[in-house]
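Worksheet: the structure to be examined is printed underneath.
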Amino acid sequence: SKVAELANAVVSNADQKDLLRMSWGVLSVDMEGTGLMLMANLFKTSPSAKGKFARLGDVSAGKDNSKLRGHSITLMYALQNFVDALDDVERLKCVVEKFAVNHINRQISADEFGEIVGPLRQTLKARMGNYFDEDTVSAWASLVAVVQASL
């Protein structure tokens, strides 16, 4: 399957895994803050995405919106699961497919899900400072592609 193929490509790329783990080390210092930043960047970059999150209420309220906070935290733990599974194709497929189900249920297409790469790039840049580089963005984009293949 396409999912297995892409998951295998990520798991077998030592350089990308190093970049993912190193950058995750930075992103995960403040799980909630990073999750909220990523969501805010998504809504800025892709205003149409706001409509997909109508159930969360006023997303411009940021941290004051408990539903948005909850989603941001859950999102970060999903990323943690992906990073923890980088050495095991079957495990990576399992956690990605579980994550994908939530998005399939909300009718998020693979293309729509792919819109997260730009906001993720902005978030990485803000969090990593001088350590930021495009190879790190590419590594995360490879992981996003595994999710897209599951949608």
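Cβ atoms here come from the backbone N, Cα and C positions, even for glycine.
Lifted from Swiss-Prot, the feature list:
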- Ser1: N-acetylserine (MOD_RES)
- 11-151: domain 'Globin' (DOMAIN)
- His103: heme b binding site (BINDING)
- request: Counting other Cβ atoms within 10 Å, pick out the least crowded of the recorded positions Ser1, His103.
  value: Ser1
- prompt: Can you tell me how far the Cα of His103 (heme b binding site) sits from the Cα of Ser1 (N-acetylserine), in Å?
  reply: 19
Secondary structure content, the domain 'Globin' (11-151) (per DSSP, counts of residues): 119 helix, 0 strand, 22 coil
Message: Please compute the mean pLDDT of the model over the domain 'Globin' (11-151).
response: 96
